[in-house]
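To keep things clear, I will list the structure first and then write my remarks on it.
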Amino acid sequence: MGDGKTPSAFGQVRRGIPLAPRSGDTASADGQAGKAQATNAQATKSGKTIDKNNGRPDQRGAGKTLGSKRSDGKSPGGKSPGSKPSGGNRPGMRNGQRPGTKPAPANKPQPRRKTAREVALETLVRVAESGAYSNLQLNRALEDAGLSRPDAGLATELVYGTIQHQRLLDDRLQALITKGFRKLDPWVLALLRMSAYQLLMLDRVPPHAAVNEAVVIAKRRGHSGISGMVNGVLRNMERNLAELKEPVEQANPVQRIGITHSYPDWLVKRWIAAYGEETAERICAAGNERPHSSLRINPLKLSRDKAMQLLADSGFEAQPSALAAEGVVVSGGGNLAQSDGYRDGWWTLQDESSMLVADVCAPESGMKVLDCCAAPGGKTTHLAELMGDRGQVVANDVHPHKQLLIDEHAARLGLRTVHTVVGDAGTLSERFEPDSFDLVLLDAPCSGFGVIRRKPEIKWTKSEADVAAIADLQAKLMDEAAKLVRPGGVLVYSTCTIEQEENEQQVLKFLSSNESFKLDAEWPERVLQPLRANGIVGESFGGMVQLLPQHFGSDGFFIARLKRL
Ligand SMILES: C[S@@+](CC[C@H](N)C(=O)[O-])C[C@H]1O[C@@H](n2cnc3c(N)ncnc32)[C@H](O)[C@@H]1O
């Protein structure tokens, strides 16, 4: 299979765990050291470690206690830096009692705590069945399950990795399941995908742990036929790992890229047409990377240097953003959303590309600014900060329930010039005086393909028709937003997608029917400098930029600045 030259998605050890703290990287091989021992005892006793296809016992598992050897070389129950003790009770607490809870009556059996893999599986099934966003669904599931930090890290890794690599995993599974793959129950399919992800792509999970845990889950959830099938397929995969990990062999570039990096053909085809084969493949690979954590400093409260010092003192690793002047890239240390600095309004969690939008707007103190699609308020608050909280920033969004998010955000940052309003941006000119704003930002609703690293499921839920429909809406909103820009004022249009129909083509179409606007290439030097240095804009810069996820490791974003003549 393959000539060795074709880029392969295999063998990439995922370095970290999105959402969960970095200390979660020390997750035990199976994520549940104590439970895995029980699991193994159960599995070997019931004979389920027998490879049904060959009819021979699994020698690797025999006589060993699964999960007794951790991928980090520590013994189970060993404490990783920054993690809470995984075992042992505090004084006065019963076995299994969680801090802050009443001891259970001695005779009442405690409900079994879910394992990391069970939490991941339930999340995957919910995302597939309800179309819910994986990040929201996972956060909820993690809160409910009360997993340890390492186990929360493993569950997070499994959810994101399985959705990100779904097409490749299906391709490999279908080589082993010749009939009925598409008719599998959603939970069985999700379990097989999640286990295949561990076998094929997670070097730190021993294959026998991945297989045995899957069989235990299948037994708990289904009848013996299902657990037998899961056992058979996964042991077959385990035996043929070397061959199954070989690069995808496909003459057709759309399918080769699509299967290797797990994207639908229609999307790969569009990106090849827009960017060429090589760049399209880089986009696809970058979309499967773990996103950076970054925050935007509130310059009204502290300097970036001071913030980095405070972050370092609290155990975070903080680096200045290469892209955004107020940005800091952060790793380690814990949950930034629960940091004192966040609560006290010193910083806001925001992607670096997203920070560029307000920088391109370059608002001045005292200006009258309109943010047409403002929730949850990331760019609104950035604009107010850049204006020194002097002037007026009107933050409009169509969803009433999101108004509070913007208000809370502004209050947390100590901003008094943000005024929130609710309404359709398609009716702006009915609600505001035409020609009345110095600056109008339209951060438009979009297909979101620039943020695929954070919401991988959109690869599978969005369609080409969705792109066309959202492009139509954007065109209407842009026409409406333009009516409110005063002569000599500025209109900034941005999206977090990389679809040209929603970006460059959208702007060119707008300009062709709005002669009073022209592209404005006079961007602040601090924005242009890193873009130039990295070859993203050149001598002929015309006032629009398309950031791709591989450029700075930040979200894919499009920004255009237009001036009303
Ligand atoms: C890309 S998000 C905006 C993100 C925001 N600018 C920020 O930085 O936090 C697009 C927003 O547009 C809003 N939206 C969608 N359709 C809209 C419409 N017709 N009028 C106004 N807002 C709309 C959505 O509620 C969503 O919050």
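Each Cβ is built from the backbone N, Cα and C atoms, and glycine gets one as well.
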Subject >> Site-mate of Cys373, Ala374, Ala375, Pro376, Gly377, Gly378, Lys379, Asp424, Asp443 for S-adenosyl-L-methionine in TrEMBL, selected among Asp351, Asp397, Asp407, Asp466 >> reply: Asp397
**OP:** Rounded to the nearest Å, what's the C-alpha distance separating Gly377 (S-adenosyl-L-methionine binding site) and Cys496 (active site, nucleophile)? Just drop the number here, would you?
**Re:** 15
**OP:** Please work out the number of neighbouring Cβ atoms within 10 Å of the Cβ of Cys373 (S-adenosyl-L-methionine binding site), leaving out its own Cβ.
**Re:** 23
**OP:** Provide the number of Cβ atoms within 10 Å of the Cβ of Asp424 (S-adenosyl-L-methionine binding site), excluding the reference atom itself.
**Re:** 16
Original post:
Cα of Cys496 (active site, nucleophile) to Cα of Cys373 (S-adenosyl-L-methionine binding site): how many Å, rounded?
Top reply: 13
Original post:
If you count the other Cβ atoms within 10 Å of each Cβ, which of the recorded positions Ala375, Cys496 comes out on top?
Top reply: Cys496
Subject >> Site of maximum Cβ density within 10 Å, from binding-site residues Gly377, Lys379 >> reply: Gly377
